[in-house]
Structures are given as structure tokens and as C-alpha cells.
Amino acid sequence: MILDIKTFPDEVLRKKNEPVAVVDDSVRKLLSDMVDTMRSAKGVGLAAPQVGVNKRVIVVDISAGEDSNSLMKIINPEILELSGEPDVNEEGCLSVPGEYEVVTRPSKAVVRYMREDGTETVVKSEGFLARALQHEIDHLNGVLFIDRLSVSKRETVKKRIRKRISIGDYVAGRG
Ligand SMILES: [Zn+2]
């Protein structure tokens, strides 16, 4: 089922997200709906607060649906280690449609999480996957990529968004 994607400045994106205590059918249904929603929006990642659910659940697929092996359903992720050379690259977000800015992040990330069968695993990521995981885990802490820009850059983006909202040009799911 395709869910509505919430957009900045919706407050649900800033709320506290609760860890999942038990992986039950409702959590598996949420993960499945989030995958449908991410695919439909042609995204590479989606966090539960982006669909209005304040739980620590994300989905990531850096192939954007091209490779079924690259789909990750992630519960209660925890960053164990960030390292590597700073990676400087453009980033966007389904909750900040049409805005793309350069964000610097560590190029390697080690993340521990629970799979939908309830077992725990650790993934060592780098490059684009490390960036996607950090971006989605930021969402679970109420952080958006525009928060990682310089103050002046962030103000420019917010001003542009306000203008786009006023002319009806700021719509979720539209790149
Ligand atoms: Zn995002």
C-alpha cells in the first residue's frame, strides 16, 4: 500500500521516534508499505516518520528498485562507527521535494540493526550506501539534510521552499 509522504515543515518529521519492541505483523506491514511508497516515489530510502509513523524503522534500496538484492528493511538501527574520508555529494529527500544540496558526510558507516525476522545484523557500508543509511537514521533523530547545511545556505533553501509553497509548486513525491 502506498502511503502519503509528509513534507518539511510537517512537525511529524521532528518528533521523537520510538524503538520497536517486538517485530510483529504490524511492523512487517509498515515495512512493506514503506517499500511500496519508496518505489512509487522512485526514492532510495524512506524513514517511518516520513509516512507519519514515529517508529525507528527505515527502508533503503540504493538501486532504486533495479536490483532486488539491494533492498534493506531496517529496524532499530544504531550507528556503531563512522569513519573514512569526508564524502562530499549532492543529497535530496522525498520530504523536501525538488531541493538538492551538497552535504558532507563520513564515507564509511557501520550500522547494527534488526531484520524483519527479528534477528540482529551488522552492515559495513561505504560510499552511497553509507550516505543513504546516515540520511535515513538522521530522520529517526528528527534531523533533515537541510539541517546539515550552513546557516546561510539553510535559510536560502527555506526561503525558496516558502516561495514554492506559496505558488503551489512544493508537492511530495515530485522530484
Ligand atoms: Zn530524507
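Counting begins at 1 with the first residue displayed.
Any Cβ shown, glycine's included, is placed from N, Cα and C.
The Cβ of His139 (Fe cation binding site) lies under 8 Å from the Cβ of Leu13, Ala47, Pro49, Gln50, Ile58, Ser95, each of these being in the same chain and 6 or more residues away along the sequence. The Fe cation binding site feature in TrEMBL is assigned to Cys93, His135, His139.
What TrEMBL records for Glu136 is active site. In the three-state DSSP scheme, Glu136 (active site) is classed as helix. Contacts of Glu136 (active site) defined by a Cβ separation under 8 A and a same-chain sequence distance of 6+ are given as Gly45, Leu46, Ala47, Ile58, Val60, Ile74, Pro77, in order along the sequence.
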Task: Spatial neighbours, same chain, of Cys93 (Fe cation binding site) - Cβ under 8 Å, 6+ residues apart - done: Phe8, Glu99, His135, Leu144, Phe145
Task: Extra residues within 8 Å (Cβ to Cβ centroid of Cys93, His135, His139), Fe cation - done: Gly45, Ala47, Gln50, Glu91, Leu94, Ser95, Glu136, Asp138, Val143, Leu144, Phe145
